[in-house]
Amino acid sequence: MKILRLQDLIAAGQVAGQRVFIRADLNVPQDDAGHITEDTRIRASIPCIEMALKAGAAVMVTSHLGRPTEGEFKPEDSLAPVAARMGELMGREIPVIANWTDGVEVAPGQLVMLENCRLNKGEKKNNEALAQKMAALCDIFVHDAFGTAHRAEASTYGIAQFAKIACAGPLLAAEIDAISLALANPKRPLVAIVAGSKVSTKLTILKALSANVDGLIVGGGIANTFLLAAGLSIGKSLAEPDLVGEARAVIDAMKARGAAVPIPVDVVCAKTFSPTAEATVKAATDVADDDLILDIGPQTAAILAAQLKAAGTIVWNGPVGVFEFDAFAHGTETLARAIAESDAFSIAGGGDTLAAIAKYGIEKDVGYISTGGGAFLEVLEGKTLPAFEILTKRAAG
């Protein structure tokens, strides 16, 4: 994927004295009092901003925050707490500018934060007049918000159409590189883990991956539907019986390519869904009518761990059991540690996956951790994200 990168423009001396508009993802969680409870996204966006400032640019940064009503400002929708936190981290005052679409005064070496872009009428519908106004504010537009790369909005897509120069910031560029490594040109064997409660929410991903991967590991409620497709009983476990045909089609598609969806040989069951429930390991053929399957068994975990250690590339989306309950966390932990020990290039994404990575402290052993959420899932579905599409188009002239 050929895109223009901010670091390339800086290296070519094209950024000094220019007005740079950065679309970041600063959509951080806040408590009821408006205090930021988790600042990873703010920290992740600072390298791009500092890069532009060091190069001598006049820098404007904006983001969405929450779900405000367009055209109606409410104090809780303001980026002021974000600017304050970013200012603490960067050791500088960051003024917040409201009603900014008609013009912003910013000098080289200066940084301002443009108020919540979703307050602008026409933002979400990618209104052309709004996008042109935004583009007129800058000489260079920098997209550095992978979390919004799957949305075609005025501040993510429209501005990139009309700005003099449109490029990717370091965060977005890293996502593009990791995705290309994992999916476009993977080192084989390519093994994917797709887990979650429902086949219905991940069906497009399962179908897309079944045409490309060498091994497709399913987990969570999704695996229960695949157990049904393999003719096994799952007791009262969470599953979608109406999607058994779809699961079978995925198994058949993999088989036709000489690949496989490994079906668990043993599972961990309980009688109730509770952190204190008694865990019992059973053969997958011995599940009782009143059993709930809450994890893969140790034998299955060992087989899958060996497959992951032998992989060339690993794509991981979702924990394979109820890892929040320690009695049902063994499967997820075993696979997480196998990914950490594997020589494969690994890319992981999705909220629960990130929580599992944090729980087992393997952040440094995963090749790339995607913070994209919905954008990451759309990439796995084989879709071309609007942000990638417009930046590629602009790079091609």
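Positions of Cβ are set from backbone N, Cα and C atoms, glycine also.
The substrate binding site annotation in Swiss-Prot covers ASP25, LEU26, ASN27, ARG41, HIS64, LEU65, GLY66, ARG67, ARG118, ARG151. For LYS202, GLU324, GLY350, GLY351, ASP352, THR353, the entry in Swiss-Prot reads ATP binding site.
Distance noted between the C-alpha atoms of THR353 (ATP binding site) and ASP25 (substrate binding site) is 20 Å. For GLY351 (ATP binding site) paired with ASN27 (substrate binding site), the C-alpha to C-alpha distance reads 14 Å. Classification of ASP25 (substrate binding site) by DSSP places it in coil, neither helical nor stranded.
Checking each of the binding-site residues LYS202, GLU324, GLY350, ASP352 against ASN27 (substrate binding site) by C-alpha distance, the shortest gap belongs to GLY350. Cβ crowding, taken as the number of other Cβ atoms within 10 Å, peaks at THR353 among the binding-site residues ASN27, THR353.
Taking every pair among LYS202, GLU324, GLY350, GLY351, ASP352, THR353, the residues listed as contacting ATP, the largest Cα to Cα separation comes to 21 Å. Reported as a whole number, the C-alpha separation between GLY66 (substrate binding site) and LYS202 (ATP binding site) equals 25 Å. Counted over all residue pairs in ASP25, LEU26, ASN27, ARG41, HIS64, LEU65, GLY66, ARG67, ARG118, ARG151, the record's binders of substrate, the longest Cα to Cα distance measures 18 angstrom. Local packing around the binding-site residues ASP25, GLU324, ASP352 was summarised as the count of other Cβ atoms within 10 Å of each Cβ; on this measure the leading residue is ASP25.
Cα proximity to GLY350 (ATP binding site) (within 10 Å) is found for none of the binding-site residues ASP25, HIS64, ARG118.
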